[in-house]
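Here's the structure we're looking at; comments come further down.
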Amino acid sequence: KLHSDLDKGVGTVKYTLSGDGAGTVFTIDETTGDIHAIRSLDREEKPFYTLRAQAVDVDTKKPLEPESEFIIKVQDINDNEPRFLDGPYVASVPEMSPVGAYVLQVKATDADDPTYGNSARVVYSILQGQPYFSIDPKTGVIRTALPNMDREVKEQYQVLIQAKDMGGQLGGLAGTTTVNITLTDVNDNPPRFPKSIFHLKVPESSHVGSAIGRIRAVDPDFGKNAEIEYNIVPGDGGNLFDITTDENTQEGVIKLKKPLDFETKKAYTFKVEASNLHLDHRFHSVGPFKDTATVKINVLDMDEPPVFSKPIYTMEVYEDTPVGTIIGAVTAQDLDAGSSSVRYFIDWKNDVDSYFTIDATEGTIATHELLDRESTAQYNFSIIASKVSNPLLTSKVNVIINVLDVNEFPPEISVPYETSVCENAKPGQVIQIITAADKDLSPAGQRFSFKLSSEASNKPNFTVHDYRNNTAGIETRRNGYSRRQQELYFLPIVIEDSSYPVQSSTNTLTIRVCRCDSDGTIQSCNVEAIFLPVGLSTGALIAILLCIVILLVIVVLYVALRRQKKKDTLMTSKEDIRDNVIHYDDEGGGEEDTQAFDIGALRNPKVIEDNKIRRDIKPDTLRFPRHRPPAEDNTDIRDFINQRLKENDADPSAPPYDSLATYAYEGNGSVAESLSSIDSLTTEADQDYDYLSDWGPRFKILADMFGEESYNPDKVT
């Protein structure tokens, strides 16, 4: 209520209200000054309001007093229950924890005024979860209330927590939340086999390393606390087997470590121990965290392939062993109860295997071809053994045959030596060290000996000094050598080996005499250098040789050009070329060969252009150009042709029948008379063609051709 001292109660004063909540939350009676709340108040929403009031004259509207400020405070009542803002809760605690082990702390919030009364004082209690857990009423800390809670008995717990205000008194408001508590595992249980004996049946044909059975020990723990390690206790048969742990199932996987044989042993018994990998020292007093069980394995009989007596066979044979010689044998047996016979054969893979044969029944190996150690020093092949009762059951073994060497090759000089000796060499000077090689496989300690042949030992030029370490030195025996007298020496050296039978060979060593300086450095070994003037340098000698080569090239080119010029002049002459000899490397094909070659080049070019008919075969119809009949006094031409025809028919080296040699008469009236060989002298005496140069420029070419050299019947081929 507001009241001014100037208010006389006659209605001349008016009260106004302004500020926080004026007109919305609070209102004022303008006449009396009473302030009223026009709606419900919530302290948790707004705990106080600040207002301003003023008294105003009704008539003049002027303030009668200064504006005054006042605060309206909302008084709290217990209208809010405690709330768990973080609930529901999830917590865990190890199993077997002692009483009072900390689990979790919960916290409830009350929106009421904690400074006024007990509206905000909260007290915690457990509505559900006893007697396993307890809670501190003031702090809300949850702890274990029972000892040795076992996860394997019960793992999950749900605890209901209540928070109540007013200090837990009657009439207080309360809120609840749920806490889910899980007992975590500890290794408090040892592994246990569900039974004391495990029986397994294993075929004897099981492969080494294969799994033959599984056993399992039970551990109620969880995670790494349930991890189990299996071990075979040393004892009967344990060395043939091994056991590992399957990480997914924690089972013990028994594997075969060695082959089984039903005929040797039919059953095995051993013990397996299961133990935890991760132990907890707090539970050592409970007892050993391991268990033991017995495993009995019965071996099942299977039809097995034959077994060789050795995993690999090695044999030796000399390379000169006759074909069919037995060099060794392999043996395989059927170890099954009903023993079966065995057959042997070679596993053919390549041609090398054909060098040997094997007896199918006895297993003896013999040579099938002659052996050569220098070609192949070792043979490696496989032999297969199969059971007669079941040929599909086979086994294989490798056989290695080493070919032993027989001394059949003589030793020889290992490399071709280029040996030289100085002209100024002194007696006893070593000019070459030689070594020897033998194609045979030299056994340890084999030695080579060197000596001169009997015919060379008497010559006073060189000698051989055997160093007895498979090398020898070539030494000079005289003072100085002359290239002019003898440039090359051929020294026969006899080399023998130490094997049986002794093999030897004579090797010729070529020794060249060279010119050397005073220090023994070779300066020249060429034959040409002997005849060159002393004192010329190497450059001068090279220059002289180059000049000689250039002169020879010029002479060859000049002669070639002259020959080419004469050939061109002859072929371009306007005279008839029918008497020129054309050489061609072509062979006739017989009577039916009409297209092998064309001898039109033997004919007059003008006639070739006019008549294209081939003259090396007989055409069906020949139309010859009209010529003037030969004169009656040309019988010498006819006789000449007939004579040559008879000579060629009787000559076996004459050209084929379809080759045509053309002869023709050039006619009468020539100023120079006939130049044909038909009218020439029939004798082979020397002829003088110097008169051709007197016939003028038209016969200059012939004069040059026949005037260069005289006729020599000895040169005629």
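Keep in mind that glycine also has a Cβ here, set from the backbone N, Cα and C atoms.
TrEMBL lists 4-84 (among others) with the feature domain 'Cadherin'.
For the domain 'Cadherin' (85-193), the number of residues in each DSSP class (helix H, G, I; strand E, B; coil) is 3 helix, 45 strand, 61 coil. Among the features that TrEMBL reports, domain 'Cadherin' is placed at 85-193 (among others).
Note on the domain 'Cadherin' (194-308): DSSP counts are 13 helix, 54 strand, 48 coil. Feature annotation from TrEMBL assigns domain 'Cadherin' to 194-308 (among others).
Among the features that TrEMBL reports, domain 'Cadherin' is placed at 309-413 (among others).
Residues or ranges marked as domain 'Cadherin' in TrEMBL: 413-531 (among others).
Look at TrEMBL and you will find 530-561 tagged as transmembrane segment.
In the domain 'Cadherin' (4-84), the DSSP tally of helix, strand and coil residues is 0 helix, 32 strand, 49 coil. Residues in the domain 'Cadherin' (309-413) partition by DSSP class (helix H, G, I; strand E, B; coil) as 5 helix, 48 strand, 52 coil.
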